[in-house]
(Lines of atoms letter the chains of each structure in order from A and count residues from 1; the text may use other names and numbers.)
(Lines give C-alpha, C1' and ligand atoms only; values in the text may rest on other atoms or scores of the structure.)
Protein backbone atom coordinates (compact mmCIF):
# COMPACT_ATOMS: atom_id res chain seq x y z
CA UNK A 1 0.00 0.00 0.00
CA UNK A 2 1.09 3.58 -0.54
CA UNK A 3 -0.10 6.94 0.71
CA UNK A 4 -1.41 9.98 -1.09
CA UNK A 5 1.03 12.88 -1.19
CA UNK A 6 0.88 16.58 -1.93
CA UNK A 7 3.18 18.19 -4.49
CA UNK A 8 5.37 19.58 -1.69
CA UNK A 9 5.65 16.18 -0.01
CA UNK A 10 6.59 14.54 -3.31
CA UNK A 11 9.31 17.11 -3.91
CA UNK A 12 10.65 16.49 -0.40
CA UNK A 13 10.76 12.76 -1.10
CA UNK A 14 12.52 13.38 -4.41
CA UNK A 15 15.11 15.58 -2.71
CA UNK A 16 15.69 13.05 0.07
CA UNK A 17 16.14 10.19 -2.40
CA UNK A 18 18.56 12.13 -4.61
CA UNK A 19 20.43 14.43 -2.25
CA UNK A 20 20.50 12.51 1.04
CA UNK A 21 20.45 8.88 -0.08
CA UNK A 22 22.52 9.61 -3.18
CA UNK A 23 20.32 7.99 -5.81
CA UNK A 24 21.37 9.53 -9.15
CA UNK A 25 18.56 11.52 -10.71
CA UNK A 26 19.21 9.90 -14.07
CA UNK A 27 18.52 6.48 -12.53
CA UNK A 28 15.09 7.66 -11.39
CA UNK A 29 14.43 9.14 -14.84
CA UNK A 30 15.33 5.84 -16.51
CA UNK A 31 13.14 3.87 -14.12
CA UNK A 32 10.24 6.24 -14.72
CA UNK A 33 10.64 5.92 -18.48
CA UNK A 34 10.75 2.13 -18.28
CA UNK A 35 7.63 2.15 -16.10
CA UNK A 36 5.76 4.11 -18.78
CA UNK A 37 6.98 1.68 -21.44
CA UNK A 38 5.65 -1.19 -19.33
CA UNK A 39 2.22 0.45 -19.34
CA UNK A 40 2.38 1.12 -23.08
CA UNK A 41 3.35 -2.49 -23.72
CA UNK A 42 0.56 -3.84 -21.53
CA UNK A 43 -2.09 -1.66 -23.19
CA UNK A 44 -3.72 -1.87 -26.58
CA UNK A 45 -2.26 1.33 -27.94
CA UNK A 46 -1.66 2.02 -31.62
CA UNK A 47 2.06 2.77 -31.88
CA UNK A 48 2.05 3.72 -35.56
CA UNK A 49 3.11 7.26 -34.61
CA UNK A 50 3.84 8.22 -31.01
CA UNK A 51 4.15 11.93 -30.22
CA UNK A 52 6.06 12.81 -27.05
CA UNK A 53 5.43 16.32 -25.74
CA UNK A 54 8.24 17.29 -23.37
CA UNK A 55 8.62 20.24 -21.03
CA UNK A 56 11.79 21.87 -19.76
CA UNK A 57 11.84 20.31 -16.28
CA UNK A 58 12.25 16.84 -14.83
CA UNK A 59 8.93 15.72 -16.31
CA UNK A 60 10.34 16.63 -19.70
CA UNK A 61 13.48 14.62 -18.97
CA UNK A 62 11.24 11.59 -18.37
CA UNK A 63 9.62 12.29 -21.73
CA UNK A 64 12.94 12.41 -23.58
CA UNK A 65 13.95 9.09 -22.03
CA UNK A 66 10.59 7.58 -23.03
CA UNK A 67 11.07 8.77 -26.60
CA UNK A 68 14.55 7.23 -26.67
CA UNK A 69 13.36 3.85 -25.41
CA UNK A 70 10.50 3.77 -27.92
CA UNK A 71 12.86 4.76 -30.73
CA UNK A 72 15.25 1.98 -29.73
CA UNK A 73 12.36 -0.49 -30.12
CA UNK A 74 11.74 0.68 -33.67
CA UNK A 75 8.66 2.76 -32.90
CA UNK A 76 7.95 5.77 -35.11
CA UNK A 77 8.28 8.49 -32.48
CA UNK A 78 8.32 12.28 -32.66
CA UNK A 79 9.76 14.35 -29.81
CA UNK A 80 8.51 17.91 -29.52
CA UNK A 81 9.57 20.35 -26.82
CA UNK A 82 7.17 22.84 -25.34
CA UNK A 83 9.32 25.88 -24.62
CA UNK A 84 12.84 27.04 -25.41
CA UNK A 85 15.23 24.10 -24.96
CA UNK A 86 18.08 26.46 -24.08
CA UNK A 87 16.24 27.12 -20.79
CA UNK A 88 15.78 23.44 -19.96
CA UNK A 89 17.02 21.90 -16.73
CA UNK A 90 20.29 19.98 -16.74
CA UNK A 91 18.36 16.71 -16.41
CA UNK A 92 16.72 17.43 -19.77
CA UNK A 93 19.98 18.43 -21.42
CA UNK A 94 21.64 15.21 -20.30
CA UNK A 95 18.83 13.18 -21.84
CA UNK A 96 19.06 15.23 -25.03
CA UNK A 97 22.77 14.48 -25.32
CA UNK A 98 21.93 10.78 -25.22
CA UNK A 99 19.21 10.86 -27.88
CA UNK A 100 21.41 12.86 -30.24
CA UNK A 101 23.88 9.97 -30.21
CA UNK A 102 20.99 7.58 -30.89
CA UNK A 103 19.98 9.54 -33.98
CA UNK A 104 16.56 10.62 -32.75
CA UNK A 105 15.83 14.05 -34.22
CA UNK A 106 13.58 16.50 -32.39
CA UNK A 107 10.48 17.77 -34.19
CA UNK A 108 9.95 21.52 -34.32
CA UNK A 109 6.19 21.15 -34.67
CA UNK A 110 4.01 18.07 -34.89
CA UNK A 111 0.52 17.50 -36.21
CA UNK A 112 -1.74 16.02 -33.54
CA UNK A 113 -3.87 14.49 -36.29
CA UNK A 114 -0.95 12.29 -37.36
CA UNK A 115 -0.29 10.93 -33.88
CA UNK A 116 -1.86 7.66 -32.79
CA UNK A 117 -0.68 8.08 -29.19
CA UNK A 118 0.45 11.18 -27.28
CA UNK A 119 2.80 11.09 -24.30
CA UNK A 120 2.26 14.09 -22.03
CA UNK A 121 5.55 14.94 -20.30
CA UNK A 122 5.20 18.72 -20.19
CA UNK A 123 4.48 19.51 -16.53
CA UNK A 124 4.38 17.23 -13.50
CA UNK A 125 4.17 17.98 -9.78
CA UNK A 126 6.13 21.21 -10.20
CA UNK A 127 3.25 23.13 -11.78
CA UNK A 128 2.25 26.00 -9.48
CA UNK A 129 0.98 28.68 -11.87
CA UNK A 130 -1.62 29.08 -14.59
CA UNK A 131 -0.32 27.67 -17.87
CA UNK A 132 0.85 30.17 -20.51
CA UNK A 133 -1.86 31.15 -22.97
CA UNK A 134 -0.08 29.57 -25.92
CA UNK A 135 0.19 26.23 -24.12
CA UNK A 136 -3.47 26.43 -23.13
CA UNK A 137 -4.41 26.81 -26.79
CA UNK A 138 -2.26 23.82 -27.75
CA UNK A 139 -3.85 21.69 -25.02
CA UNK A 140 -7.37 22.64 -26.06
CA UNK A 141 -6.53 21.73 -29.67
CA UNK A 142 -5.18 18.35 -28.56
CA UNK A 143 -8.26 17.67 -26.43
CA UNK A 144 -10.51 18.55 -29.37
CA UNK A 145 -8.79 15.99 -31.60
CA UNK A 146 -9.34 13.41 -28.85
CA UNK A 147 -6.27 11.22 -29.30
CA UNK A 148 -5.30 8.74 -26.54
CA UNK A 149 -2.93 10.42 -24.08
CA UNK A 150 -0.63 8.86 -21.50
CA UNK A 151 0.30 11.42 -18.85
CA UNK A 152 3.67 11.12 -17.12
CA UNK A 153 3.15 11.44 -13.34
CA UNK A 154 0.42 14.13 -13.56
CA UNK A 155 -1.56 15.41 -16.58
CA UNK A 156 -0.28 18.81 -17.67
CA UNK A 157 -2.44 21.57 -16.24
CA UNK A 158 -3.60 19.66 -13.16
CA UNK A 159 -2.50 20.92 -9.74
CA UNK A 160 -0.92 17.86 -8.13
CA UNK A 161 -2.21 18.82 -4.70
CA UNK A 162 -5.71 20.20 -5.29
CA UNK A 163 -6.77 18.66 -8.60
CA UNK A 164 -7.64 22.11 -9.92
CA UNK A 165 -7.14 22.97 -13.58
CA UNK A 166 -4.51 25.66 -14.06
CA UNK A 167 -6.03 27.33 -17.11
CA UNK A 168 -6.35 24.18 -19.23
CA UNK A 169 -5.47 20.52 -18.78
CA UNK A 170 -4.58 17.75 -21.20
CA UNK A 171 -7.15 14.97 -20.73
CA UNK A 172 -5.40 11.64 -20.23
CA UNK A 173 -6.55 8.14 -21.10
CA UNK A 174 -3.98 6.83 -18.61
CA UNK A 175 -1.75 8.49 -16.03
CA UNK A 176 1.41 6.71 -14.90
CA UNK A 177 2.39 8.20 -11.55
CA UNK A 178 5.56 7.40 -9.63
CA UNK A 179 6.30 6.49 -6.03
CA UNK A 180 3.13 7.82 -4.46
CA UNK A 181 -0.24 8.84 -5.86
CA UNK A 182 -0.61 12.60 -5.88
CA UNK A 183 -3.64 13.95 -4.05
CA UNK A 184 -4.67 16.01 -7.07
CA UNK A 185 -5.25 12.86 -9.12
CA UNK A 186 -8.10 11.98 -6.78
CA UNK A 187 -9.66 15.44 -6.36
CA UNK A 188 -11.90 17.76 -8.40
CA UNK A 189 -11.15 17.78 -12.15
CA UNK A 190 -7.92 15.87 -11.54
CA UNK A 191 -9.90 12.69 -10.91
CA UNK A 192 -11.79 12.96 -14.22
CA UNK A 193 -8.91 14.21 -16.37
CA UNK A 194 -6.36 11.64 -15.18
CA UNK A 195 -8.15 8.65 -16.67
CA UNK A 196 -6.86 5.30 -15.44
CA UNK A 197 -4.20 6.05 -12.82
CA UNK A 198 -1.42 3.47 -12.59
CA UNK A 199 1.04 3.76 -9.71
CA UNK A 200 4.61 2.58 -10.32
CA UNK A 201 7.44 2.07 -7.83
CA UNK A 202 10.65 3.62 -9.16
CA UNK A 203 12.72 3.30 -5.99
CA UNK A 204 11.97 6.51 -4.10
CA UNK A 205 12.77 6.47 -0.38
CA UNK A 206 11.40 8.42 2.58
CA UNK A 207 13.01 9.45 5.89
CA UNK A 208 12.03 7.40 8.94
CA UNK A 209 10.50 10.46 10.56
CA UNK A 210 8.56 11.64 7.49
CA UNK A 211 4.98 12.61 8.31
CA UNK A 212 2.31 12.34 5.62
CA UNK A 213 -0.42 14.96 5.77
CA UNK A 214 -3.00 12.42 4.53
CA UNK A 215 -3.62 8.90 5.76
CA UNK A 216 -5.37 7.33 2.75
CA UNK A 217 -3.62 4.36 1.16
CA UNK A 218 -3.80 2.87 -2.33
CA UNK A 219 -2.29 -0.30 -3.90
CA UNK A 220 0.96 0.04 -5.83
CA UNK A 221 1.76 -1.81 -9.09
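Note that Cβ sites are derived from N, Cα and C of the backbone, with glycine treated the same way.
Record features (Swiss-Prot):
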BINDING   58, 59, 60, 61, 62, 124, 125, 126, 127, 128, 129, 130, 153  (6S)-NADPHX binding site
BINDING   59, 120, 156  K(+) binding site
DOMAIN    10-210  domain 'YjeF N-terminal'
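What Swiss-Prot annotates, mapped onto the structure for a quick look.
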residue: 58; record: (6S)-NADPHX binding site; CB count, 10 Å: 23
residue: 59; record: K(+) binding site; CB count, 10 Å: 27
residue: 60; record: (6S)-NADPHX binding site; CB count, 10 Å: 29
residue: 62; record: (6S)-NADPHX binding site; CB count, 10 Å: 32
residue: 120; record: K(+) binding site; CB count, 10 Å: 30
residue: 125; record: (6S)-NADPHX binding site; CB count, 10 Å: 26
residue: 127; record: (6S)-NADPHX binding site; CB count, 10 Å: 24
residue: 129; record: (6S)-NADPHX binding site; CB count, 10 Å: 10
residue: 153; record: (6S)-NADPHX binding site; CB count, 10 Å: 26
residue: 156; record: K(+) binding site; CB count, 10 Å: 29
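Straight-line distance linking the Cα atoms of residue 125 ((6S)-NADPHX binding site) and residue 156 (K(+) binding site), rounded to a whole number, equals 9 Å. Taking residue 120 (K(+) binding site) as the reference point, the binding-site residues whose C-alpha atoms are within 10 Å of its C-alpha, out of 58, 60, 127, 129, are 60. When the binding-site residues 127, 129, 153 are ranked by how far their Cα is from the Cα of residue 59 (K(+) binding site), 153 comes first. Each residue contributes its Cα atom, and for residue 156 (K(+) binding site) and residue 58 ((6S)-NADPHX binding site) these two points are 13 Å apart. For the domain 'YjeF N-terminal' (10-210), the mean pLDDT of the prediction comes to 94.
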